[in-house]
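Mind having a look at this structure? Questions to follow.
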């Protein structure tokens, strides 16, 4: 008896180990479809998006949308891991620069065939450019912008500075270590490339070669270094949060920040500010050229089921509707992506979105090829070195070129 | 002495212990052994973004690996690439400095605090709770908080230095200081563990040893050197090995202090591996690096254990 009991005990133990593994796929007759979306939307967008999703679900009772939030860097990593294990969401919503690596790794598939050229004719051609790679469309853009513009505190500076010399002038007034002429995310390459553009530099030449060790790069590095050490126009150390907080507290005259952040400043009591174009470089007389890009939905390579594809198509049709575009565009405070919505009077009346459109005319479409990752990673430490006064711009430019080429080679070699 | 057969039942069979171990063994097999073998396999292949989809076809069946990946086979190519790179040695040196400094201060401060707490001290329980607090705090939160404190202009650390008349330090912008900032943070985090281990060890030292030393007229330094240290050693040796392995592989602090994008100037081996694997998608290369880390730590543990055994 005891023997039997012990055996039974062992057996139940073993069985309990495997119960979790059995998968009973229940295919209901209604073909209930769930579309999982992994996204990195800002908090204030969630609500609008959820409301619109609810409406979509009411119109399509057999489709459920499930939304999971991630931070930008986590989103790509988690998505990749999930796709490789055969899991993961059907849709991923994120910035267009994810497209390069994701398409290279075959984690997403091009949407030309799924949606047809007629569908994409609804979209603004310039916006579509941000999601094109090798002649194919890899995402349905939802909003466009992501450009960095200038925000200025009207209490500290009466008129929008047009050139950097005006900001340097401000630094003579605001230099007590408590109030600053200019704040921005100093060591982040995304905030640095506009300066490079202002001096006429580009990170890739027309053939796609990396061009970081250029006279323009050296000038741009020298310029941001001077802003810090020579003119003392910026704090000694400012990451995104510090810059953001200083401006919100009214301790910074000018802030350089992205279109995604504009609305958050309207919620700050007593902050009287306006937005304007990223200023001009005096030496060249050119405007600085911030990158612009879009955010949109890409479809996981694991989506094979026609029923799911059909549901995704219906969701994309819904997303392209004018009122959906307008509502989301306002929530994001970025341009909508369809031609129809761009012409909407409500959109045109929004000063932040108008600003984004204007900034796009004085901007560059961010390269989305996978090598861009190598460029970002090569610029970051060298920019840091320059901003710490540890390297001269000349040495830093040379080192970032070497590093970028090395990284790009390991990233794309076949 | 012989038991009666009837009372022994199932316990008698040769396979009985295995039956009880089996469930646990299954868990270990799936969450430790198979991933480990997988790791060793990946390290021999050139797996990167372009061919990463192949991994999906491999799935859990690691035996299909060589067949599906036959065009990606590199042998020890990944290892050669790592060991030929000067960057590896610089990073390794930094990792050794990072690990040694951390563990050294963990042990010294930990033992010192444990000795204090082991004495008759008014309000001892309050101190004990306060000293354990860093351990109770999630590392992520601690790292973010310390990152804020190390801000050049507005961080608490520089504000205090400034008050003391010392020039502000660019903690997070200068790689050397970033490493120092990370070490300070990690020392703060790691001391409670060593303190608790040492305190446990101290409490198990019989007090008559100290009493007889007192009778012999030993000074307190002599007592510390000849009683406390030898008696603590059996407890501290495993703790130090554990602490070394943990610190060597401590990703969080440096990763968070550099906003998830630490560069070559601040990376330790584990953060370099993470970035190679998950930001540059060089899976084979990163796996080979992790095998190297594994070997380094194994060798260290064996050597350290041997050294301590020989003394006894």
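Backbone N, Cα and C atoms are what each Cβ position is placed from, and that goes for glycine too.
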Per TrEMBL, which of B:129-146, B:147-164 is transmembrane segment?
B:129-146
Labelled transmembrane segment by TrEMBL, one stretch among B:212-234, B:235-257. Can you tell me which?
B:235-257
Checking feature assignment: transmembrane segment per TrEMBL, candidates B:260-282, B:283-305. Which range matches?
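In TrEMBL, residues B:283-305 carry the label transmembrane segment.
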Can you tell me which recorded stretch out of B:20-45, B:96-117, B:129-146, B:177-202, B:283-305 has the most Cβ pairs within less than 8 Å of the transmembrane segment (B:235-257)?
B:177-202
Same-chain Cβ contacts of the transmembrane segment (B:177-202) under 8 Å, 6 or more residues past its ends?
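Non-local partners: 94, 97-98, 101-103, 105-107, 109-111, 113-115, 117-118, 131-135, 137, 139, 142-143, 146, 150, 169-171, 228, 231-232, 234-236, 239, 243, 246-247, 250, 253-254, 257-258, 266.
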